[in-house]
Amino acid sequence: MSLLTRNEAAGKIMVALDKPDAQAALELAERLQGFGCWMKVGMELFFAAGPAIVQELKSRGFRIFLDLKMHDIPNTVRGGARSITRLGVDLFNVHGAGGLAMMSAAAEGVQDALQAGDVEQAPLVIAVTQLTSTSQQVLNDEIGIPGDLENAVVHYAELARKAGLQGVVASPLEVAAVKKACGASFITVTPGIRPRWAEVGDQTRITTPRDALEGGTDYLVIGRPITGASKPEEALDTILKEMTQL
Ligand SMILES: O=C(O)c1cc(=O)[nH]c(=O)n1[C@@H]1O[C@H](COP(=O)(O)O)[C@@H](O)[C@H]1O
């Protein structure tokens, strides 16, 4: 594989802004401003700071992945997707476990907002397959889904594609299988990224940033290895070097 430029690699990174309030999040965003990464706003930040944090980050030029993992009846998810689309985010997710009708409703909610003229650009919608903290044993013995974890991920990916979604959240270990089943242009967004020098924490299905890139992922979601560092900009810089240098 040919190596990416630093800017190309940075454009594939989504920094998980898992911070308790707007001030902490914006301080961190400011330190990472020049890199050209996406920002991922998840539950911790959104539940504390609300939609205003999305507008603020957008006004600073960041592309936004809103990670609220909707999982509800189709009608509720359709309305939720409509509201999220109106916020002007670039990408958001729903749970594949909600099934085909629920994922189709998410896609319909996006169309509702477009047809109402609320926004001009449709966000990408992707489905969470199996959380990257879930191991094979937990999938089988606790969650109660039998069989191979990779097959479970591919099953949800195929359902997501059928529902008209544009991609999935999966671990970098399943990217090849997802692309094989759903096509090269079906987007893979992969958390579970751990440089060798970072703590693994609660993630179980992990690779290094370089391995994720070489495995063909479209986007790398990276939180604590960057956000937990005393100098987040240096951690991100190190990751970019690891991704782009021979
Ligand atoms: O949808 C997600 O973003 C997500 C799905 C998943 O399967 N695993 C996962 O870790 N995430 C999110 O990705 C981020 C990973 O953060 P770190 O483990 O700190 O790098 C967190 O914000 C998680 O909420």
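Including glycine, each Cβ sits where the backbone N, Cα and C put it.
Caution: TrEMBL annotation is automatic and unverified by curators.
Annotated in TrEMBL:
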ACT_SITE  ASP67  active site, for OMPdecase activity
ACT_SITE  LYS69  active site, proton donor
ACT_SITE  LYS69  active site, for OMPdecase activity
ACT_SITE  ASP72  active site, for OMPdecase activity
BINDING   ASP18, LYS40, 67-76, THR132, ARG194, GLN203, 223-224  substrate binding site
DOMAIN    12-239  domain 'Orotidine 5'-phosphate decarboxylase'
PRO74 (substrate binding site): secondary structure state under DSSP, collapsed to three categories: helix
Minimum Cα separation from ASP67 (active site, for OMPdecase activity), reported as the residue among binding-site residues ASP18, PRO74, THR132, GLY223 that achieves it: ASP18
Intrachain C-beta neighbours of the residue listed as 'active site, proton donor', sequence separation six or more, cut-off 8 angstroms: MET43, ASN93, VAL94, HIS95, VAL128
Recorded positions near ligand 1 among LEU68, ASP72, THR132, GLY223 (Cβ under 6 Å): THR132, GLY223
Pairwise CA distance, GLY223 (substrate binding site) versus ASP72 (active site, for OMPdecase activity), rounded so that it is a whole Å: 26
Across the domain 'Orotidine 5'-phosphate decarboxylase' (12-239), average pLDDT on the 0 to 100 scale: 98
ASP72 (active site, for OMPdecase activity) versus ASP18 (substrate binding site) - Cα distance in angstrom: 23
Number of other Cβ atoms within 10 Å of the Cβ of PRO74 (substrate binding site) across all protein chains: 18
Distance from ASP72 (active site, for OMPdecase activity) back to THR132 (substrate binding site), taken between C-alpha atoms, in Å: 21
Recorded positions (ASP18, ASP67, ASP72), the one with most neighbouring Cβ atoms at 10 Å: ASP67
Cβ neighbour count within 10 Å of HIS71 (substrate binding site): 16
